[in-house]
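Student: According to TrEMBL, the protein has these features:
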| type | residues | note |
| --- | --- | --- |
| TRANSMEM | A:13-31 | transmembrane segment |
| TRANSMEM | A:101-121 | transmembrane segment |
| TRANSMEM | A:127-144 | transmembrane segment |
| TRANSMEM | A:188-218 | transmembrane segment |
| TRANSMEM | A:239-260 | transmembrane segment |
| DOMAIN | A:294-350 | domain 'MIR' |
| DOMAIN | A:358-414 | domain 'MIR' |
| DOMAIN | A:419-475 | domain 'MIR' |
| TRANSMEM | A:547-565 | transmembrane segment |
| TRANSMEM | A:586-604 | transmembrane segment |
| TRANSMEM | A:616-635 | transmembrane segment |
C-alpha cells in the first residue's frame, strides 16, 4: 500500500485519522459530562481532600499528593470555594462549583486516547494497528466511565500514558542514533522523567510503570552497547544522560510535590493524630504549635507520653475499671489518639513521693508514673492482657500515688547510655517493668465497648518490641526554663520520610475483613463484576465493554502462542542455517505491551490489601494496544498466504469487521456510562436486560 | 559431542592423582591440599589450549589404567565424607531426651499415626510418615503425650529411632552435595570443598538431629536435581532412567513440605533449558517433539502419582475420627470411624417432608444454622432499625436449637408419610425451627452486621404490615440429575429465598453481644458464593404430631448406628487438598486461632530492638532470659508474633537464631544457628556471582569473550542450577504472609553453599588460566585453607548449641553471642 501512495498523501491520511480519533474522543468523553449532578462513588473522598487543600487543613491519605492537588487547583481556578462537604455518594452538589474539577479530570481522561494513538504509532509505525488499538480503548465503556469523574484514576492514567509515549519516543530517538546529549534527546528524556514523577506522585501503583520504563531503558542501553561501531564511552554517555533525566530529575520533582503538599497543608486538621509530635509542631492550630516546654525531664513533671508506632496514641487512663473476665478489676490503661487531661502522668522516683529541688530523670532510673487525674500508679502484674493473651495486663493501681512494688518501671532511652538525660519529644523511651521484666507497649488492638474503643496497652515480655517506644510530648515543670517547640519541629526531610511511613502503614492496613466480598484479581480480565458509581435513579455502572475485554483476553492468549511458536521457528531456522523472513517489529512491540500488561497485573496477585476492579485499568491500556497490534499482525500473516487481490479483500474486510463490531458494542453498552434509569437488569422489563450477559453483572 | 568427551576425559586423570594421594594419608583435608598442588594441573592446561593432541595424550593415560580402580577410589572420598557426616549427625542422637522445638508437632502426628486417628495439618504427609515408620519399626506404641517443648521423653519412646530418619537424610545430604558438585564444578576439589562446608554447617547439623522435616525435604530435592542433571547430560535409556529417578524424588520432596515445589520448578526449568538448547541441533522435528513429550509425561506423571499415593497411604492409615474432624465437611467426617459417623450412621438418606435436620455451613468455618428464642434488637448501635423478629445465626457448637424441620408449604401435618415424601432439587419448602416452631424467613430489611444483605429471621407474626416470606427453593449444587433427591450429608444445597431471589448465606461476621457473638446469617443476592452452600448433617424423621412431643423427641433423641457412610478416596483427597490450600489463608484471619487477629506490624517490623546487656539492664537481664524461656516453652505454637520469628531480609545475614530447646537443669541448649563464616561467605558469593555475571554479559555484548566456550558453559550451567535455585527457594518468602523462621531459609541455603564452592572454583580457574597471575594460585589456595580452618573452628565452637549436651556458663554464652540480635537463654542465677 505504501508504494502506491506518495509520502504526502499518507501523512494526510494519518492526520485525518488522528483528527477523527480526537473528535470521537471529545464527543464521547464530554457528552453529559456534568451528569449526574451528585457525588459519585469515590468522588466523596477526593472531593473532600480537594476541599482540604483549598482550606489548607491537614488530612491523612494513603495516596501521594499530586493527583489531589491538581484536582484542588482546578477547583480553585474554576471558582470552587472548598465549602461543599462531599458527604457521601449520592449527595447533590446544590450549587457547589464541581464542574471545573470534573471537566478537568475528564479532559485528562480524554487526552489518554490521542496519547495512546501516538504511542502505538511510535511503537509500530503502522496506522492500522494504531487505529484498532486506539479504537478499543476509545470504545471501552469502563474506560470511559472511570475517566469522567473527580477521581485519581484519570490523572494517573493520563500521566501513565505520557510515560509510555515518552518511553517509546526515546526508543525511536535512540534507534535513530541521536547523540546522547542532543537537545531533542534530552528534551524527550526530561518529558519522560517528569511523566514518571507525576505518575508515581498520583498513586503508588505508578511504580509499575516506573519499572516498565526502567526495563525499556535498560533494553535501549543494551542495544546501544551492542553496536560495536560505537565506542563504549558512547554507551556511558547515554547512561549518564538517563541517570540524570530518569532518576535524579524525577526524584527532585517527586520531593517538590511533597514540599508543596506539606507547605499548603499548614493548618491542623483531622489527620494530626497519625503523626509524631515533631510533625504536629509544624501545624498551625495544633496544641504543639508555638508551645514551649522544658528541654529535659525532671522528677515531679507532669507529662504526656506518646507511643511511637505509626498512628500511636497517648498513654491514657480514666475512672473505669477492667470488667470481670479481663484480668484484675483495676483501673484501665489505654492509648488514646486525642488530647485529653486524662493523658497526664506525673513522674516520681520509685521510692519517694517527692524530691527536693530539680533532679533530672536519667536513663536507667527506676520510676513510678502516677496518673494525674486519678492518682493511680502505672502498674503491671502476672495477668493476661485483655486482648493479647501472651502479654501482661497493665492497670492503674494504688491510692494517691501509694501502690506496691509492681508500680516500679525502669526508664531507658533507646539507643542511649545509662545516665543520659531524657529529652522532651526527642528521646525514645522504653519502660521496663522492674519485677516482671516486660516492656510497656501498645498492641494497637481496639478494646471493646467497656474500654471505649481505645487501644489496648499491655506489657510485652519480649523486649524486642518496636511498639514499646514512647516519647514525652507535653512536659509541665515550672522550675526548669522552657524552650520553644520550634526546636523539635521536624525538618522537611523528616516530615517527608514520616509521611511515607504513615502512608505505607495505612496502605498495609487496608485489609479485607473476614467474610467480606472483595474483588479478586482473577475476576478483572474476564470482566466478572463491575462497580456502581451512582446507584440512584440515574444509575452508572463501571463495567468494561465485554467485546473489548474478552477480545483482549483472547488476544493475550494468542500472543502467547504466537510468541512461543515464533521463537521455536526462529530457533529451528537457526539450527538449519535458514534465515527467517518477515517483519518482527510488530511482534516486538506486542512483546513490550505484554510485559507492560503483566507488570501492571501480576503484582496484584501477591497483594494482601483490599483490591478493587478499577485497579485493572492501567493493565487494560497495554492489553488493548497489544490487541490492536496482534490483530494487524495476524491479518498480515493471513494476507501473505493468499493471492494479492484476495489477500487485500480479506485484510480490509476483517479490519472493517473488527472496527464495526467494536463501535457497535460501544453503542450497545453506552448506557452503562451515560446513565440508566428504570428497573434493574435482572428484572425482565428493564431496558438493559438484554445486556446482562453474565449473571454477576448487577446493573 | 566432542566437547563432552573431552570433559569426561579431563576429569579422570585428576581423580587419579588425587586418590593416589589419598591412599598415603587418611585425612582427606590433607589430601585435598596435596591435590590442589598436584592434581589440578592437567585440566587447567587442557582448557588453556584445547588442542586435540592434549586430549589424545590424556586418553592414552586413561586407557593405561584399569577402570576398576577408578570406581573404587572415587567412592572412597564419597564414603569418607559420608562416614564423617554420619558420625557428626548420629553422635549422641538421643541426647537431649527432651522434646525439642517442632518435635512437639511432629511427635504428635507420629503418635496419631500410631493410633490411626485422623488429623489435619497444612503440610503434606510423607515426612511424618517416614518418621512414623522409623518409630514403628523401633516399637513406638504411641503412649506418650507430646505436651510441651522441653518436657522429658519417657523410657518407652525410642528417641533415637524417631530421630534417625532426619539424621540419615542430613548425612546423605553431604554425599549428595559432593556428587552434585562433581557434575557442576571444574575441579573435584571443589566438590569436596562443598561437601565439607555442608558437613561443617551448624544449621544443617541442628536441623538433622531432631524430628524435623527440612533435612528430608532438602535431601529429596537435591537428589532429584542431581538425577535431572544427570539425565540432561546423558542420552538413551540412561536419560530416561535418571529422569524417572529425579521425578520420583522431586515428588517425594514436595510431599514432605510444600516448599519443595520450588525445587520441582527448578527441575522443570532445567529440562526445559535442555530441550531449548537441543532445538538448535539439526535433529528432526519429530524426534525433538517425542523427546519433549516423554520428558513432560515423566516430569508431571511421576511426581503427581507419588503425591497422590502418599495421600492414599495417609488416609488409609488414619481411619478413626479425632480432634481435627470439625475442619472437614460432614461427609468426610462421617466416613471416619467413630465421631460423627457414630451419630449419623443409620439415619435416613432422603430428606423428606417432615424431616428433622441440622444444616451445616459446608465450606470454611464449621457452624450450624441456629435460632433461639431471642429477637433482633429494635435499633442497632448505628441507628438502623431491625424487624424485631427472632434471631437466626450460625452457631459453632452442637445444640438442640440447631434442629430444623423441613415442611412442604401446603401440607399441615409434620409427620413423615410412608413412604416418605422426598424433597427434590428445585422444590419449594419451608424450614421450621424445631424448638420454637417458627419458620425461616427473610425480607427486605438490612441484615444486622452486613447491611448490604437481607436479614434472615424466624417469623413472628406481629400483625403489622410485614407478611411472612418463608418459602425457600432447594437447589442441590452437586446434583446428578434435575430431579435429584436431597440427601443427608452428601447433598450440597443452596436455599434460595423465593420472594427476593437471595440465597441463605453465612456472612462470616460475628454478631455483637445481643446475638451472643454467634455468626451472622443473611440472605444475599450473590448466589454463587461458596458461603451459600449448606448440607444436612444429622437427620431423622418426625414421628410425633404434637408439638410438645416433638420437642421431647428433639431433646432426647439418640441415634442407633447401623451402617457406615462411605466416601471415595478421590473425594476425600480433593477435599483434603482444598482444605490444606485454604487453611493457610484462613489462619491469619483468626479462623483457627480466633483470639489472635493478624498483627500486620509484626511482619513488617525492622531489625529487632535490643537492650545491650553491658549497659543498664544487668539487673533485669537474668530475669528477662528466664522469661524468654517461659515464652519459648509456652508460646512456640502461637502463630503470630513469635519471639524467634524472622523476616526473609534478615536471613542472608543471620540476624536471628531460633532457640530449639533449653535443658531444664543446666544451661545446655539447642539453637538453630548457622556457621557464621560459611554463611557470610555464601552471601558474598551470591553478590559476587551476580556481579561477575553482569560483567561477562556486558563484555560479551562488546564481543570480548573472557571464557573458553567450555568454561562459559560451566559458568552458565552453575548459574542456572545454583544461582537460580537459590533465588527460587528464597524470593517467594517475600510474598508469604505468615510467620517465618530461619529454617525456611535452609533449602535456599544449600544452593548458596554450592554456589559459594562454585565461585571459589571459578576464581581459581580464572587465576590459573592467566599467565601473568598464575603464581597467585598458591596464595589463593592458602587463603582458602585458612578460611576453611576458620570455618571448622567456628563449627566446633558453635556445635555445643547443636548438640545441646554441654552446660554453658554465662561467659561461654556471651562469647558465642557474636551478634546482639541472637537471643540465648540463661537460667536465673540462684
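Every residue, even glycine, has its Cβ placed from backbone N, Cα and C.
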Student: Under 8 Å between C-beta atoms and at least six residues away from its ends: which parts of the chain pack against the transmembrane segment (A:586-604)?
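Tutor: Apart from its flanks, the transmembrane segment (A:586-604) reaches 120, 123-124, 126, 129, 164, 205, 208-209, 211-212, 215-216, 521, 524-525, 556, 559-560, 562-563, 566, 611, 615-616, 618-619, 621-623, 625-626, 629-630, 632-633, 636.
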Student: Looking only at the domain 'MIR' (A:419-475), report the model's average pLDDT.
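Tutor: Averaged over the domain 'MIR' (A:419-475), per-residue pLDDT gives 83.
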Student: Rank A:13-31, A:127-144, A:188-218, A:239-260 by Cβ pairs under 8 Å to the transmembrane segment (A:547-565) and hand me the top one.
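Tutor: Out of the listed stretches, A:127-144 contacts the transmembrane segment (A:547-565) most.
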Student: So if I exclude everything within five residues of the ends of the transmembrane segment (A:13-31), which remaining residues of that chain have a CB under 8 angstroms from its CBs? That is, six or more out.
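Tutor: Result: 5, 103, 106, 109-110, 113-114, 117, 121, 127, 130-131, 134-135, 138, 144, 147-148, 666, 674.
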Student: Below 8 angstroms Cβ to Cβ, which residues of this chain, lying six or more residues outside the transmembrane segment (A:188-218), approach it?
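Tutor: Distal contacts: 63-67, 152, 155-156, 159-160, 162-171, 173, 241-242, 245-247, 249-254, 257-258, 503, 507, 592, 595-596, 599-600, 603, 615, 618.
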Student: Counting only residues 6+ away from its ends, which parts of the chain sit with a Cβ under 8 Å from the transmembrane segment (A:127-144)?
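Tutor: Distant contacts of the transmembrane segment (A:127-144): 13-14, 17, 21, 24-25, 28-29, 112-113, 116-117, 120-121, 527, 530, 542-545, 548-549, 551-552, 586, 617, 620-621, 624-629, 631-633, 635, 655, 658-659, 662-663, 665-666, 669-670, 672-673.
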Student: Sort out the residues at least 6 away from either end of the transmembrane segment (A:101-121), same chain, that have Cβ-Cβ distances under 8 Å to it, and list them.
Tutor: 14, 18, 21-22, 25-26, 29-30, 33-34, 47, 50, 70-71, 74-75, 78, 80, 127, 129-131, 133-134, 137-138, 146-151, 154-155, 157-158, 161-162, 164-165, 168, 589, 621, 624-625, 628-629
Student: Per DSSP, what is the residue tally for the domain 'MIR' (A:419-475) in helix, strand and coil?
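Tutor: The counts are 6 helix, 27 strand, 24 coil.
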